[in-house]
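Novice: Mind looking over this structure? Questions follow.
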């Protein structure tokens, strides 16, 4: 089976046009591709005819009398020159066609919503009881369980920097720029514990722990993401053919670059830990305070290489895995189905898992889970040999395990007390227990005496 987008363009171009319109992408790409592809097919046919004629002349020349051989040889040379010229044209057309094919987003699953302007996702399910003030009750989704709080919660930025005094974005801004931070004391241990918790829980489910390269060559990075869209969002190393990864997904996807797999080698499950480097160029002035949206953070990532027929099962599975991690922390959340226009080019379907932030009175994204089908594997040349020696592109999937700094912000807003003390989720305590200097049950503001609460 060929690449699904290429196959759809040839067999049902109108369906691809509908996908592009749903994604709010220029649908004229279809016509440009079909024109190139038609010319390519025409020239391929011409090459076959020229080769046939050339072979015919060669056979004829071998049997011809000496007086005709020179004439036949001259015709053969002319044909060979023409063949070489057409083959060069085909190579150039293939380059142009491949470049154009790279600009196509993935096809979309039938369950992906096509949404009106101003709507980016559709809620699928909710979990947990949210803390909300009377003034914010109207902002809740229908059917969400809630408890009304009298005191307005403190936002995560003020909790970290003012109440706990364990983060400093002002000094980081002075020495590094906006969206950088210093993290201190118990929040450092919390960062480590969150990563260990996610890595451990997922490894127990059969995911292989991996720390991928933190930098990738241009030829690889352009294959794992939509480079034209994200080239201004990722960091390039000056003077080097290297880019800093925005997520462990990129390095893990590249691990099987140009691999031919057997059916029994799939699925392959990985849980990666890495720092993530992002320019956040499109964020503007959003979330400038605190550590919610920053240039570098640590993240645990699930990644799956799957047989094509099993990828939708795995999409639900990895989403449930992350839900279990968030439920284990006791954070109220919802799962939303992302609208077609907001999917991003690689994903055929994407769920976001959004956690409730009491001080903001809204859900904020904590994790994304995507089925990328064969969009990455086509670019990376990762195929599986099926029975009968048929080759297909594998499917790849990715899902956030936990992004540590963002999860810290959710913990600070959801588990704060009136006296500024923050309760540590019970699921994290086993990962803090072996570390003598780490907090065990509570994080106390630096200004108060650290005595267990009554």
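Here the Cβ of each residue, glycine as well, is placed from N, Cα and C on the backbone.
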Novice: Can you pick which of 301, 309, 310 Swiss-Prot lists for the same L-serine site as 247, 248, 249, 400?
Specialist: 301
Novice: If I go by Swiss-Prot, which of 271, 294 binds ATP at the same site as 278, 279, 280, 365, 366, 367, 368?
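Specialist: Between 271, 294, Swiss-Prot records just one in the ATP site with 278, 279, 280, 365, 366, 367, 368, namely 294.
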Novice: Helix, strand or coil for residue 249 (L-serine binding site)? Use DSSP.
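Specialist: The residue in question, residue 249 (L-serine binding site), is helix (DSSP, three-state).
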Novice: Taking 10 A as the limit, how many CB atoms besides its own sit near the CB of residue 368 (ATP binding site)?
Specialist: 21
Novice: Could you name the residues, excluding 247, 248, 249, 301, 400, of the same chain that surround the L-serine site, i.e. Cβ within 8 Å of the Cβ centre of those residues, in sequence order?
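Specialist: Not counting the recorded site residues, we get 250, 252, 272, 274, 276, 299, 300, 302, 303, 398, 401.
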Novice: Work out how many Å separate residue 249 (L-serine binding site) and residue 368 (ATP binding site) at their Cα atoms, rounded off.
Specialist: 12
Novice: Using all protein chains in view, find how many other C-beta atoms are within 10 Å of the C-beta of residue 365 (ATP binding site).
Specialist: 16
